[in-house]
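Okay, structure first, notes after.
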């Protein structure tokens with residue numbers, strides 16, 4: 001993050017604008033909306049600024065910039081067509097530790113103006129850090145079409161009710177749940193219809209009904225790593241959570257999407273290394289929910305595919321706590337897709353089998369005879385530790401030693417690492433594989449060299465297109 005987003009209170013604060021042309025006028029009109037006390041340093045004013053001056057909207061010094069003009073001002077904006085003068089304004093501001101903006105000359109700016117969506121008191125600011133202003137404008141236009149016009153009045157009413165809600169609901173978590181329900185329920189629906197009086201009545205009724213004290217648990221699949229693969233429902237629950245218990249397999253990019261003030265607890269597991277025993281995780285889920293909290297159990301991939309999600313929900317259900325499950329893209333689907341390996345193919349594989357290489361009791365309970373049959377794909381989770389045994393057993397039971405295999409490390413992440421080879425060399429590949437890693441066995445692996453795409457093309461352009469097309 002190159003620039004820290006800040007919202008400045010400019011009401012009755014002096015702001016110096018150097019320049020009296022149309023560019024300065026556009027900045028001044030924006031400053032006026034924020035209530036700034038505007039001072040203009042320029043020998044002449046364009047018609048638009050002269051009109052504002054006559055209406056009492058600005059003070060005009062009527063002379064060229066002098067450093068002394070920076071005394072006792074809050075911000076300074078240079079908006080002239082004289083590059084040397086603009087640079088001088090910036091340098092003088094820097095010497096006085098004042099924030100300065102030089103229009104269309106980012107190197108001389110200590111702050112920049114974002115693209116703005118105004119639904120006052122809701123304001124959305126979008127910035128490309130000065131690198132792609134056209135992209136920022138396109139994003140603003142897209143969001144303008146998505147964000148409803150009633151957001152401003154709804155926020156104003158919510159602000160007027162904050163004091164009453166705080167008096168009636170003492171806990172911060174309780175107040176947050178009240179507002180989440182109101183802003184996603186009847187109150188918001190009435191606001192959308194323009195029925196302001198009825199909307200306030202709905203707030204009154206909700207407040208009189210009292211806060212909801214019951215906690216709940218949401219078991220959410222975080223997907224294989226790329227935050228773009230997270231489901232919308234999962235994101236919504238992560239943004240509403242009071243506390244999030246997450247595993248090591250959840251990527252930092254996904255964790256970054258958790259609500260900022262939610263408590264985060266690492267309940268991670270790696271092979272041979274458990275930061276928290278499974279029974280303790282089960283107990284903690286129940287305890288936190290019984291405290292009235294919204295708990296998200298965030299697990300890599302899909303929580304019901306080798307994620308012990310079923311075990312955890314058994315404990316939650318036994319305690320009588322409400323719960324829900326949000327599926328995630330499992331690693332076998334996500335990692336292979338990003339590696340250009342289709343799990344099934346009419347010419348190579350008519351079935352796919354998911355296998356765990358880490359059995360609960362450590363015993364060999366796999367049907368190797370069935371797994372060694374051809375024309376199927378094997379996706380083995382946590383298989384690198386037992387790669388030698390897997391290779392040996394499959395070959396012993398009839399699978400060709402030349403069967404193509406892949407070991408995919410950090411699948412779907414920017415540092416994804418794919419190794420390919422044959423079944424007889426699986427152990428050597430596994431020894432070089434960073435974890436977490438997925439083992440894929442089958443003829444479909446050979447297609448990796450034809451249709452591998454991730455990291456091979458201009459992904460920056462692809463991702464930008466997906467962001468721009470929000471609607």
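Heads up, residue numbers simply count up from 1 along the chain you see.
Glycine too: its Cβ is placed from the backbone N, Cα and C atoms.
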Review point. According to Swiss-Prot, 224, 300, 301, 302, 305, 330, 331, 382 bind S-adenosyl-L-methionine; which of 210, 234, 398, 411 is also listed for that site?
Key: 411
Check your understanding: Cβ within 8 Å of the NAD(+) site's Cβ centroid: which residues qualify beyond 22, 23, 43, 44?
Key -> 19, 20, 21, 24, 25, 42, 45, 46, 49, 80
**Study point:** Extra residues within 8 Å (Cβ to Cβ centroid of 224, 300, 301, 302, 305, 330, 331, 382, 411), S-adenosyl-L-methionine
**Key:** 223, 249, 306, 307, 328, 329, 332, 333, 334, 335, 381, 438
**Study point:** Largest CA-to-CA spread of S-adenosyl-L-methionine binders 224, 300, 301, 302, 305, 330, 331, 382, 411, angstrom
**Key:** 16
Check your understanding: Between the recorded positions 22, 43, 128, which lies closest to residue 411 (S-adenosyl-L-methionine binding site), Cα to Cα?
Key -> 128
Study note, to complete from the structure: residue 331 (S-adenosyl-L-methionine binding site) and residue 43 (NAD(+) binding site), compared by Cα position, are separated in whole Å by 66
